[in-house]
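Have a look at the structure below, then the notes.
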Amino acid sequence: MTNIRKNHPLXKIMNESFIDLPAPSNISSWWNFGSLLGVCLVIQILTGLFLAMHYTSDTSTAFSSVTHICRDVNYGWLIRYMHANGASMFFICLFLHVGRGMYYGSYTFMETWNIGIILLFTVMATAFMGYVLPWGQMSFWGATVITNLLSAIPYIGTTLVEWIWGGFSVDKATLTRFFAFHFMLPFIITAMVVVHLLFLHETGSNNPTGIDSDSDKIPFHPYYTIKDFLGIILLLTALMTLVLFFPDILGDPDNYTPANPLSTPAHIKPEWYFLFAYAILRSIPNKLGGVLALIASILILALMPTLHTSKQRGLMFRPISQTLFWILVANLLILTWIGGQPVEYPFITIGQLASISYFTIILILMPTAGIIENNMLKFTH
């Protein structure tokens with residue numbers, strides 16, 4: 001058995017990735033979210049596949065087909081709500097995974113980090129298109145509002161929007177292509193995850209101290225396989241609690257009304273996991289400026305390695321930067337809250353202040369704190 005595991009071309013790759021992989025001996029539970037994201041992706045692909053067997057991507061039947069899945073298909077309600085709430089669990093794990101990377105300086109693995117950012121954008125695009133498919137009110141108007149943002153691009157904007165729509169409004173062509181892309185993208189994401197892991201295994205994992213751990217490695221199996229398994233059990237417990245007891249708690253009631261192009265909902269808003277970016281978008285009273293701020297709010301992650309000024313890798317021994325990091329987390333929670341509120345006083349002002357704070361903390365305060373901490377520890381250049 002050992003010989004097969006270590007010599008067989010396929011089994012060898014699996015062995016070097018998940019069994020005999022040398023891992024740092026001190027990585028905490030914050031390192032569990034990579035495997036949890038893998039589990040989320042598998043759940044989403046499987047439930048999505050079964051949903052696609054019954055779903056029809058036509059404007060006249062899409063809403064009814066989702067109702068049919070919930071009412072008439074064996075365990076259709078379970079599959080549908082696992083898929084919808086699975087997306088929420090996916091984003092919770094994503095945000096915690098990225099936050100871990102920021103806190104412990106994992107962004108110094110440049111290739112792994114940059115592929116991770118591309119993955120984040122791709123997952124966000126996939127989730128957005130998936131939200132359009134049930135063809136409820138919020139699906140339709142969400143698609144209309146978000147795709148319309150591209151019209152802010154000078155010269156080609158309007159043409160580009162109509163090209164994406166496949167007509168002069170969000171209609172049959174839009175729904176069909178969104179379904180096609182929503183079905184295809186998870187497989188592209190899977191391929192990118194493999195590349196993400198490939199680059200990670202070139203360097204090995206980071207650890208909470210940020211210090212090189214080559215002198216103290218342990219095999220991935222059984223130590224981290226059992227630890228990941230515990231994480232998976234907790235994730236599935238949380239997901240199934242959500243699915244079986246509070247399936248609609250994270251959804252919008254407006255999406256239980258079939259799409260009507262003649263009636264606009266009072267408050268158009270995306271799913272909770274996009275609210276922070278939506279708040280940043282709305283805080284700028286200019287269409288193009290808002291779109292640029294929206295993209296910058298995620299793309300700013302690509303600047304993290306450049307903005308790193310500290311002589312230490314992570315924040316474990318850097319109290320000033322730690323404080324700023326947790327202020328940033330609180331700031332993102334405020335943005336998430338504001339994104340779900342109507343555009344009126346005092347929410348507009350709070351949103352603008354939180355948006356300014358978000359960029360200021362990342363671009364100015366954290367690099368400055370790094371320099372101050374270097375001087376406090378009397379590091380010499």
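Glycine residues also receive a Cβ, built from the backbone N, Cα and C atoms like all the rest.
Look at HIS182 (heme b b562 binding site): DSSP puts it in a helix. What Swiss-Prot lists as heme b b562 binding site is HIS83, HIS182, and the listing cites similarity to another entry.
Summarising the annotation, Swiss-Prot assigns heme b b566 binding site to HIS97, HIS196. Less than 8 angstroms from the CB of HIS196 (heme b b566 binding site) sit THR112, ILE115, GLY116, LEU119, each of them six or more residues away in the same chain. Following the DSSP three-state reduction, the secondary structure of HIS196 (heme b b566 binding site) is helix.
In sequence order, GLU16, SER17, LEU21 make up the list of same-chain residues 6 or more apart from HIS201 (ubiquinone binding site) whose Cβ falls under 8 Å from its Cβ. Here Swiss-Prot flags HIS201 as ubiquinone binding site, drawing on similarity to another entry.
Swiss-Prot lists 33-53 (among others) with the feature transmembrane segment, giving similarity to another entry as the kind of evidence. Listed as Cβ neighbours of the transmembrane segment (33-53) (distance under 8 Å, sequence separation of 6 or more from its ends, same chain) are residues 69, 79-80, 82-83, 86-87, 89-90, 93-94, 96-97, 100, 182-183, 186-187, 189-190, 193, 228, 231-232, 235-236, 239.
According to Swiss-Prot, the feature transmembrane segment maps to 77-98 (among others).
Residues annotated as transmembrane segment in Swiss-Prot: 113-133 (among others).
Marked as transmembrane segment by Swiss-Prot on the basis of similarity to another entry: 178-198 (among others). Long-range contacts of the transmembrane segment (178-198) within the same chain: residues 17, 37-38, 41, 44-45, 48, 52, 55, 57, 112, 115-116, 118-119, 122-123, 125-126, 129-130, 132-133, 143, each at least 6 residues beyond the stretch ends and with a Cβ under 8 Å from a Cβ of the stretch.
Beyond the ends of the transmembrane segment (226-246), by six or more residues, the same chain brings 29, 32-33, 35-36, 39-40, 43, 78, 81-82, 85-86, 88-89, 93 to within a C-beta distance below 8 angstroms of the stretch. Swiss-Prot lists 226-246 (among others) with the feature transmembrane segment.
Taken from Swiss-Prot, the feature transmembrane segment applies to 288-308 (among others), supported by similarity to another entry. Listed by sequence, the residues of this chain that lie at least six past the ends of the transmembrane segment (288-308) yet keep a Cβ under 8 A from its Cβ atoms are 98, 102, 105, 107-108, 110, 113-114, 117, 120-121, 124, 149-150, 152-154, 276-278, 280-282, 355, 358-359, 362-363, 366-367, 370.
Positions annotated as transmembrane segment by Swiss-Prot: 320-340 (among others).
If you look up Swiss-Prot, you'll see 347-367 (among others) marked as transmembrane segment. Residues of the same chain lying 6 or more positions beyond the ends of the transmembrane segment (347-367) and with a Cβ under 8 Å from any Cβ of it are 279-280, 282-284, 293, 296-297, 300, 303-304, 307-309, 321, 324-325, 327-328, 331-332, 334-335, 338-339, 341.
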Surrounding CB atoms that lie within 10 Å of the CB of HIS83 (heme b b562 binding site), all protein chains: 21
Long-range Cβ environment of HIS182 (heme b b562 binding site), under 8 Å and at least 6 residues apart: GLY48, THR126, MET129, GLY130, LEU133
Cβ-Cβ neighbours of HIS97 (heme b b566 binding site) (radius 10 Å): 20
Whole-number Å value for how far HIS83 (heme b b562 binding site) lies from HIS97 (heme b b566 binding site) (Cα to Cα): 20
